[in-house]
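Presented below is the structure to which this report refers.
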Amino acid sequence: MNRSYPNTRLRRTRANGWSRAMVRENLLTPLDLIWPLFVTDGKGVEDPVSSLPGVSRWSVDGIAARAKEAVELGIPCIALFPNTQEALRTDDGVEAHNPDNLMCRAIRAVKDACGEDIGVLTDVALDPYTTHGQDGLVNDAGYVVNDDTVAMLVDQAINQAEAGADIIAPSDMMDGRVRAIRMALEMGGHHNVQIMAYAAKFASAFYGPFRDAVGSGDRLVGDKKTYQMDPANGDEALAEVALDIAEGADSVMVKPGLAYLDIIYRVKQRFEVPVYAYQVSGEYALIEAGAAAGAGDRDALLMEKLISFKRAGCSGVLTYHAPIAARLLHG
Ligand code: PBG
């Protein structure tokens with residue numbers, strides 16, 4: 001194509017709102033949103049997360065109410081994260097296997113309230129259940145061991161599937177966990193339970209407010225660099241995605257979102273699977289703080305960030321802004 005001025009004036013199609021709408025290449029709808037929710041004990045509890053203004057931990061009844069709200073807003077899926085009470089946290093995180101733990105109670109409450117009207121995605125990793133805040137079992141040298149952790153994660157995933165989870169989302173970054181979970185789901189008769197692998201999850205500084213929300217931040221000993229990826233690496237992210245797909249992932253996630261749009265784009269070019277971004281807690285907090293400090297209009301900032309994920313190739317985005325974005329989209 002040999003375009004030149006004045007035959008081509010790219011401003012022509014930008015001159016009117018109707019025309020801009022006609023040539024718009026990407027669309028964000030509430031169907032693109034997955035809403036992460038934090039669960040806490042009690043009844044009728046709403047406990048605000050101070051580092052995430054506008055986000056709260058809800059007791060199980062409140063989670064069911066949020067799920068109904070999501071259905072009304074046209075959001076197809078919620079993601080659940082428990083803030084496990086102190087007394088139930090152990091070195092091995094075995095509370096993750098309790099069929100009556102906070103996560104399982106929340107799953108059942110959402111299914112009772114909404115049935116098939118909404119998908120429930122559950123995080124698989126031990127950090128909300130361990131005393132040390134690591135995602136797996138830690139040996140005497142302080143190293144998070146791989147294969148024994150995978151065995152724990154398999155039981156955690158099956159526990160969630162039996163409670164009614166629709167999408168199992170391993171966020172732990174252990175090697176081989178997708179295959180192990182897939183095999184256990186198949187053997188357990190959970191043929192239609194999906195796996196959305198946190199395939200390319202980076203050791204990021206953007207997870208701080210999340211760790212506050214689930215209560216693992218102050219506990220965390222060391223960092224997660226021996227299992228989460230180095231932010232400097234792109235090719236390695238493709239290797240992670242390839243393995244997770246081969247092991248049985250139905251969809252993959254890139255996390256965090258905005259600083260990793262190149263990874264999303266490369267994954268989407270290379271593989272024929274749905275790709276999701278997790279716009280993580282620190283990203284949410286930055287938009288809120290920036291807007292509060294006068295850096296821009298909050299709603300405009302968040303919508304611009306969300307459309308960038310669609311443009312990069314995402315099928316959807318996990319975002320704490322989901323209900324706000326859905327309301328804006330409904331006008
Ligand atoms: C747990 C997990 C984390 C997040 C999602 N699942 C934190 C971590 O890996 O330390 C972060 C999400 C967010 O920051 O919003 N494995």
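Note: Cβ is positioned from N, Cα and C throughout, glycine not excepted.
Some features that TrEMBL has for this protein:
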ACT_SITE  LYS201  active site, schiff-base intermediate with substrate
BINDING   GLU240  Mg(2+) binding site
ACT_SITE  LYS255  active site, schiff-base intermediate with substrate
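Secondary structure at GLU240 (Mg(2+) binding site), as computed by DSSP, is helix. Ranking the active-site residues LYS201, LYS255 by the number of CB atoms within 10 A of their own CB puts LYS201 at the top.
Cα-Cα distance from LYS255 (active site, schiff-base intermediate with substrate) to LYS201 (active site, schiff-base intermediate with substrate): 5 Å (rounded to the nearest whole number).
GLU240 (Mg(2+) binding site): 23 other CB atoms within 10 A of its CB, across all protein chains.
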